[in-house]
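S.K.: So TrEMBL has the following annotated:
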- A:205-371: domain 'Helicase ATP-binding' (DOMAIN)
- A:CYS430, A:CYS433, A:CYS470, A:CYS473: Zn(2+) 1 binding site (BINDING)
- A:CYS439, A:CYS442, A:CYS457, A:CYS460: Zn(2+) 2 binding site (BINDING)
- A:465-622: domain 'Helicase C-terminal' (DOMAIN)
Amino acid sequence: MNPLLVTVAVPVPLYRGFDYLLPASLAAGARPGVRVRVPFGRRKLCGVIVRAPFERVDDSQDYRPLDAVLDDAPLLGAELLALCEWAAEYYRHPLGEVIAAALPGSLKHGDAAVLHRPQRWQLTPDGQQALATLPGRNRAQRSALEALQAGARGAGEWPVAPAIRARLVELGWVASVADDARQPAAVSDPLPLTAAQQLALHELEGGEQGFRVSLLEGVTGSGKTELYLRRLQASLDAGRQALVLVPEISLTPQLAQRLRERLGDGVLSFHSGMSEGEREQAWLAAREGTTPVIVGTRSAIFVPFARLGLIVVDEEHDASYKQQDGFRYSARDLAVVRAQRLKAELILGSATPSLESLHNAQAGRYRHVRLSERIHAQAPPRIDLLDVRKQTLAHGLAPPLLSALDRCLEAGDQALLFINRRGYAPILLCHACGWQAACAHCDARLTVHRGRSRLICHHCGAQQPLPRGCPSCGAAELMPLGQGTERIEQALLNRYPRKRIERLDSDRLGRRHELQRLLDDVRARRVDVLVGTQILAKGHDFPNLSLVGIVSADQALYGADFRAIERMGQLVTQVAGRAGRAGQRGEVLLQTHEPDHPLLRLLVERGYAGLSAALLNERREARLPPFSHLALLRAEARDAAPPMHFLAAARELLLPLRGLQVMEPIPSGMERRAGFVRAQLLVQAEQRSALQSALAAIVPRLTELARGVRWSIDVDPADLF
DNA sequence: AGCACGCCGACT
DNA sequence: GTCGGCGTGCTC
């Protein structure tokens, strides 16, 4: 018999498969999904077997034997492996890298997959006694013991420094006990449903079981989460697990906590803010079936489950579900694929659904479940356009907005100001000679950050100290032009010295618990005005806002990207939705220089539903997604010519293929970025399959053409820059 | 992506 | 005379 070979996916950016000789001694355990250690060039890599062993037939090729089989049982089950293969095909990304993206760090590098038995820390009788007699100076020990007594349960929920814990164990005051019987602790009762919720729940539950997608379109405050909870409970009751995706790390603790209160403490999180160890344990627990629910961000779509029955994608319109570099997958779209393959239920929830999902719902592929009433029966916030033309702006704020703020704060209410720009000002200008602070590596201006006293490029991260005078003409005074969150915050601090003004943007999200503390302060009404970027639009709940000011959304109106207005509508609607308290209508002011823009008027008069309907019509006319399918071929290099030449050659390869419309290669929106000159080629197809086969056909040739050019394929690009 | 091999400038 | 610059070539 001929020797056996196995195909191994190795984590390298190569589109070819690599076959290895399978030593007879290792043949028993070699199955798809099992990790192996293989020699690769001069190094050793951890790869995954992706095909059942097969007999060697050709003698022309030399093979190297694999070193070791790392798993007794496949680490990637058939379902997850198939999902990875599907994603690699669809997104035209090397399978080895896709699998690497699906594995938590430590497992990716070949560490043994060991699920620690859940353990729980417990006060011993000695510990009980010690707590009573412990001298007051042992503060750390005391508070740790008190936390345990107060009912901290899982190991992760007992906040104690490892050194203190070790000491307490040594003293015999605490002990760990196995916690297999994860009794659902402190499970609270479901909230009563409104009539509208009941109706919606009925629609979600009804009809054919098995694979189904529901687009749950519910305005802010309509109680989508309670419906998720009902479906999650039903899934758990049926003995199946569930996956809940959220767009942002900062939303996981909040939601995970709420799920734990209702579904028990088996609910685990999965996101990049966790340590590798924590992520690995959550991943393994889901795979074993020992955790009923995972709440996570984009990458959690690759968590394996023993019996997944339900996926919820919250805020499904959110662009963060699309990975923007490397393996450019959409977790929301993969959720559809995964649910279909598993015959599972999928709920896509949003107050402002993406045009793609709306289109799918209208085409009958998704159930369209609407929740149009807010629970507390407030009127939905009305958005008023504030024409700022010819008005004197103070740091970008027009007098009517300022007087609305005055009234709001006098009444002791809270206000929120939204501006989608970090920093103090996006431009630093010399009034004497016209010089502007520009990035040395990008075609971009540097943003003034007053607090840190620096100029920062928001595209490549380059920084420099804030210059004292003009570097070009020496004039003493430089003018910050335009506004960011920092500047609005400053202006409000000056105007309202006795009020508490807080800023919320990614610059402030450094420390782990800071966001949580800030949000708590806002909810407890210790903050009067909150100034922030789109983080404010992402589902955080602020129950006491009576005024929302949107400093500007005009940029989207001039934006070159065909999705700019859709995004603006989502952002504005989401931010506006934060306004209004029980029984009181919120006020929303949207500053604009284009008060007569038809799409802006549509948004204000007919809401997101009106805007999205009009945008869908435009897309249909223009044959843009979701009425066609796009792929973007990007290229970059140190010099300007190679990317264009590469793309021109790629275009030649594509032109003879059928069912495609191939544009001319063009320089990217920001041509130079982080020292690279970038260009792109847009390919459009009516049929997804035509796009797929075209890309499949040209990838091997691209590899040959790419001399000195870095390139990537973006299937279903989120933006065309 | 790594990692090596391979030929041309400023240093112990 | 060497250390090292990154160009390009390969990885079963």
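From the backbone N, Cα and C atoms, a Cβ is placed for every residue, glycine too.
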S.K.: Out of A:CYS439, A:CYS442, A:CYS460, point to the one nearest A:CYS473 (Zn(2+) 1 binding site) in space (Cα versus Cα); all of them are binding-site residues in the record.
M.R.: A:CYS439
S.K.: Determine, from DSSP, whether A:CYS439 (Zn(2+) 2 binding site) sits in helix, strand or coil.
M.R.: coil
S.K.: Provide the three-state secondary structure of A:CYS470 (Zn(2+) 1 binding site) computed with DSSP.
M.R.: coil
S.K.: Looking only at A:CYS439, A:CYS442, A:CYS473, which of these binding-site residues has the biggest number of Cβ atoms within 10 Å around its Cβ?
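M.R.: Of A:CYS439, A:CYS442, A:CYS473, the one with the most crowded Cβ is A:CYS439.
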S.K.: Around the Zn(2+) 2 site formed by A:CYS439, A:CYS442, A:CYS457, A:CYS460, which additional residues qualify by having Cβ within 8 Å of the site's Cβ center?
M.R.: A:ALA440, A:HIS441, A:ALA444, A:LEU446, A:HIS458, A:HIS459, A:GLY461, A:ALA462, A:ARG673, A:ALA674
S.K.: Report the residues of the chain - excluding A:CYS430, A:CYS433, A:CYS470, A:CYS473 - with C-beta within 8 Å of the mean position of the site's C-beta atoms, for the recorded Zn(2+) 1 site, in sequence order.
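M.R.: Near the Zn(2+) 1 site, the remaining chain residues are A:HIS431, A:ALA432, A:GLY434, A:TRP435, A:GLY469, A:PRO471, A:SER472, A:GLY474, A:ALA475, A:LEU478.
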S.K.: Do you know the mean pLDDT across the domain 'Helicase C-terminal' (A:465-622)?
M.R.: 91
S.K.: Counting other Cβ atoms within 10 Å, pick out the least crowded of the binding-site residues A:CYS460, A:CYS470.
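M.R.: Lowest Cβ count within 10 Å among the binding-site residues (A:CYS460, A:CYS470) is A:CYS460.
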S.K.: I'd like the number of other C-beta atoms within 10 A of the C-beta of A:CYS433 (Zn(2+) 1 binding site), please.
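M.R.: 11, counting other Cβ atoms within 10 Å of A:CYS433 (Zn(2+) 1 binding site).
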